[in-house]
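Peer 1: One structure coming up, written as structure tokens, with questions to follow.
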Amino acid sequence: MAKYKVTVYTHNIATATTMNNVFIKLVGEKGESKRTWLTSLKGGFYQGTASREFDVVCPSSLGTLVLIELDKQPLPLFPQDAWFPSKVVVTTPEGDTCQFPIYRWIMDKEVHLFREGTAKRLCDETNHLARYSREKEMKTRTELYCWDTYKEGFPGSMKADNPLDLPSEIQFSFTKATQFLFTAATGITELKLKGYSDSKKSWKNIDEISKVFCCNRTVISDYAQEHWKEDEFFGYQYLNGCNPMLIRRCSELPANFPVTGDMVKPSLRGSSSLLKELQSGNIFLLDYKNLDGLKANVINRKKQYMAAPLVLLYRTPDDKLVPIAIQLKQKPAKDNPIFLPTDSEYDWLLAKIFVRSADFQEHQLNVHLLRTHLLAEVFAVALLRNMPMVHPLYKLLIPHTRYTLQINLLARAFLIADEGVFTQFAASGGEAMNEILRRSVASLTYSSLCMPEDITARGLESVPNNYYRDDGLKLWDIIHRFVEGVIGFYYKSDSEVREDQELQNWIKDIFDHGFLAQECTGIPQSFSTVPEVVKFVTVVIFTCSGQHSAVNSGQYDYGGWMPNTPISLQQPPPTTKGQSTESTMLKTFPDVGTTAQGMSTMWLLSKQSTDFVTLGQYPEEHFNEIPPCRMIQKFQTDLKVFSETVKARNSGLPVPYTYMDPALVENSVAI
């Protein structure tokens, strides 16, 4: 007789326990066991625990174990419950230990097949049972995970009408769902904005805004309130604020931005000239052409306004970045003056307010929604449709898809739908939103998703005090080295990459559905070499973790104080100089209710859940082999050392940059 020792682990998440009867069958290359009842004297399989050791007895050895079959049946008069097993560990009569990762909800009475956890590509499969299991899994997956088109010109998305349509294993945990719904439902109340959210009144003075804001502060939002009018803080935000993706070095002025040397000479330190500073690499450009010619929203039956500015920034001799010229529309004209720091206080301040509001629109739709959320969804759907659980790429990437499909479904339902908060209260809601997204998709490139290439292309290699760049490049390098090790362990040659049809199907799905089969994006349609795979997988992990954190986590820090980042504006851009006053500015700001809605939404989107999983932490043990497990440990060590470096640097900064600190970066786009 051959005796197998079986231990079942139930995952440590809320409601994971089952009181149903659980049955198992072991399947090996030489045969299979009888379906065996795993009874427990404790009466169930409990959350966060391992079961006692069960015996499965067979007449003879089953040979190499290939898979297990699990099912659970309710007791008489008891309901079918939901169970979330994490793994099954089997010790064979020969003394070998086999692990079978599960990490999914089992909510029915059906028989579920799970493979032994050693990572295998299709070409590695020699056993017919293993191939059959793989084919069955992928057939089910392609039926469950279907592509959909939310709007023409948008990246593909997961086909589902509501969160309950999503497969159970990718839905929010009970903890996440409860906290998210509570946070969303009580945001206005918790921020002490009740009574403000429906107000259509304009702000009477800055002190009135301060009274609302004083209840809801962070270290950086306090700094923003104190310094929002200052040119140095304005410039700083384009390096280290929510949108560090627009600024680029300018060596030659755009034809539609006719700034002269005499205009900006008072802003240049010493006896320098604009031409000299351009040649020295000290001039930078912000160009909001993505917003040009679009119709702004109507909020509370009142027409709103947004600009499509051009901005010149200057690196001063003491390494500050300050604005020196602002043109609020793309086309030069008499009624489109170039505003300068030497203009009156409110002419200059109002010009900066229009730029900051334009930045909100560009940031939310292009930099945040498209370039992290929607791309992360593409990566996730393509992975789930094309990679079985035993594929090394599935094991590597599945933690970086956690909650993404549901958070995006909620975003489409409650933020950018016809009645969504963004649609109702942002200047770019409504007609403009869809066009901005289409323009953003059309201009998306592979190189802009690769941080080292993007930093070089924008000429930001040597700009001082650019913590987004410094931390991002370091984080990119740590991720790249980790990915290089894992991919190199499973792919020993370029030919193995070319022969992996599941891998090729994955990247082709991303190219076709995520980048709409546009070759001009530079996104690969197939992989030919190991380095190509390493680079693309690095993009995926970095986009879903560090990059999303960089453009998401600071939303309330920089937008909670509304004058620094207005989500909409109620007056048109000024067409002449010398007319703006404090009263003009207050009338231009969004009304009280729109301000409150913006504050509560940014607060919600910046709030972490208690089941937050930091970058590099893998509670689900998908890898069995020792080398990749050691690589994960090295990855975690590198991230910890880097986190300590970031904290040490931040201790000496007036405005700490924390958004790329690995201790605060989530593994996936989960909020």
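Note: Cβ is positioned from N, Cα and C throughout, glycine not excepted.
According to TrEMBL, the feature domain 'PLAT' maps to 2-120. Summarising the annotation, TrEMBL assigns Ca(2+) binding site to D81, A82. What TrEMBL records for W105 is site 'Essential for stabilizing binding to COTL1'. Under the heading domain 'Lipoxygenase', TrEMBL lists 120-671. Residues or ranges marked as Fe cation binding site by TrEMBL: H368, H373, H548, I671.
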Peer 1: In sequence order, which same-chain residues at least six apart have a C-beta under 8 angstroms from D81 (Ca(2+) binding site)?
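Peer 2: Listed in sequence order, they are T17, T18, M19, N20, P74, M107.
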Peer 1: Taking only the residues in the domain 'PLAT' (2-120), give me the average pLDDT of this model.
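Peer 2: Reported value for the domain 'PLAT' (2-120) is a mean pLDDT of 92.
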Peer 1: Let's check the environment of H368 (Fe cation binding site): how many other CB atoms sit within 10 Å of its CB?
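Peer 2: By my count, 23.
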Peer 1: Round to the nearest Å and give the CA-to-CA distance linking H368 (Fe cation binding site) with W105 (site 'Essential for stabilizing binding to COTL1').
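Peer 2: H368 (Fe cation binding site) and W105 (site 'Essential for stabilizing binding to COTL1') have their Cα atoms 31 Å apart.
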Peer 1: Which one is it: of the binding-site residues A82, I671, which Cβ has the fewest other Cβ atoms within 10 Å in this structure?
Peer 2: A82
Peer 1: Out of W105, H548, I671, the recorded positions in the record, which is closest to A82 (Ca(2+) binding site) when you go by Cα distance?
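Peer 2: Smallest Cα separation from A82 (Ca(2+) binding site) among W105, H548, I671: W105.
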Peer 1: Within the domain 'PLAT' (2-120), count helix residues (DSSP H, G, I), strand residues (E, B) and coil residues, in that order.
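Peer 2: Summed over the domain 'PLAT' (2-120), the classes give 0 helix, 57 strand, 62 coil.
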Peer 1: List the residues of the same chain that sit at least 6 positions away from W105 (site 'Essential for stabilizing binding to COTL1') in sequence and have their Cβ under 8 Å from its Cβ, in sequence order, or write 'none'.
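Peer 2: Set apart from W105 (site 'Essential for stabilizing binding to COTL1') by at least 6 residues yet with Cβ under 8 Å, we have A82, W83, F84, S168, E169.
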Peer 1: For Fe cation, what surrounds H368, H373, H548, I671 with a Cβ no more than 8 Å from their Cβ centroid?
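Peer 2: These residues sit around the Fe cation site: L369, T372, A376, I407, V551, N552, L605, V669.
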Peer 1: Near H373 (Fe cation binding site), how many other Cβ atoms are within 10 Å of its Cβ?
Peer 2: 24
Peer 1: Which residues of the same chain, at least 6 positions away in sequence, have a Cβ lying under 8 Å from the Cβ of H548 (Fe cation binding site)?
Peer 2: T372, H373, A376, E666, V669
